[in-house]
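Participant: TrEMBL lists 15-35, 47-72, 84-102, 108-130, 165-189, 201-219, 231-255, 262-283, 289-306 with the feature transmembrane segment. The domain 'Sugar phosphate transporter' annotation in TrEMBL covers 20-306. Annotation source TrEMBL lists region 'Disordered' at 326-347.
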Amino acid sequence: MGKGRALSDGVIKKIILSYTYVAIWIFLSFTVIVYNKYILDKKMYNWPYPITLTMIHMGFCSSLAVILIKVFKVVEPVSMSRDTYLRSVVPIGALYSLSLWLSNSAYIYLSVSFIQMLKALMPVAVYSIGVLLKKETFKSQTMTNMLSISFGVAIAAYGEAKFDGWGVFLQLGAVAFEATRLVLIQILLTSKGINLNPITSLYYVAPCCLVFLSVPWIFVEFPVLRDTSSFHFDFMIFGTNSVCAFALNLAVFLLVGKTSALTMNVAGVVKDWLLIAFSWSVIKDTVTPINLFGYGLAFLGVGYYNHCKLQALKAKDAQKKVQASDEEAGKLLEERESEAKRNETQD
């Protein structure tokens, strides 16, 4: 009885911790998105310099990552040669810098709610690029689901009250670069046995992003900032914003490490709906019924995609267990046969 009670207490504690990690990740992700919108939007803080903001994030995050790894030794750095870094990490860093630059730029032109709706295209982009790079197998059923997600997003875009073509182009570009980055991580890193958690990712990738972003920054934003006499660096705003960005990466580390990547995907759907509600009720962005209907269709498609992924993972685990049991049975059979032969020899 006491053992059963202890077991149930342990299970309850694990469930509470899992939900706590999910809640922390949703809160921080929500905060970073709304904070970035506040800083970049011309009607709010009015600081429309997305490259500079991204560089501040990368500089802060890379510095803290170095301190956590080299000084406090929170995690061990990954053993990586210079050639591997140049061939694998640098391309990923280039794509990540482009993705962050374009996604932050989109906040200047689009509402938070509409950006979340456009982000529903991420599974479509990841699957399509995976098929092109031969990392995913083409399946007509999966592609049909991808088309349904795209159709839902198209309806949401049609119903957008403050549609901005340039903003949509920026956000779709960000989705494309991010999807390519995720596929290349599998090809260039995971396939080579190199697994980076969010802290080691920042340690290796953030400095690389900082270098890549400095090139467009010198030509696009630096001249404007230099000529803006009223500009002053607000340490409170940019400091707290950078802390939130870094804390979000730690939250990803906790959430994926203690639960799973699929849990983060499901939590992401909840976060998107909360952001849409917040954008409509607090920021006073216009969310039309056509918006919601289109995103609802896309949401169902994304939900089905996550369901299929979960079933595939379960089938893979079941197959591994069957193989393990078959191997164990084979070993037992060999041991019995060898024992029988020894007995025959003794007789």
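Heads up, the Cβ atoms here are built off N, Cα and C, so glycines get one too.
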Participant: How about the transmembrane segment (165-189) and the transmembrane segment (84-102): do they have 3 or more C-beta pairs under 8 A, pairs 6 or more apart in sequence?
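Facilitator: Per Cβ check, the transmembrane segment (165-189) touches the transmembrane segment (84-102).
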Participant: Counting Cβ pairs closer than 8 Å, which of 47-72, 84-102, 108-130, 201-219 has the most of them with the transmembrane segment (231-255)?
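Facilitator: Stretch with the highest Cβ contact count: 47-72.
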Participant: Would you report the average pLDDT that the model assigns to the domain 'Sugar phosphate transporter' (20-306)?
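Facilitator: Within the domain 'Sugar phosphate transporter' (20-306), the model's average pLDDT equals 90.
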Participant: May I ask for the residues of the chain that lie six or more residues beyond the transmembrane segment (47-72) and have a Cβ under 8 Å from a Cβ within it?
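Facilitator: Long-range Cβ neighbours of the transmembrane segment (47-72): 36, 39-41, 97, 100-101, 104-105, 107-108, 199-200, 202-203, 206-207, 209-210, 213-214, 216-217, 220-221, 224-225, 238, 241-243, 245-246, 249.
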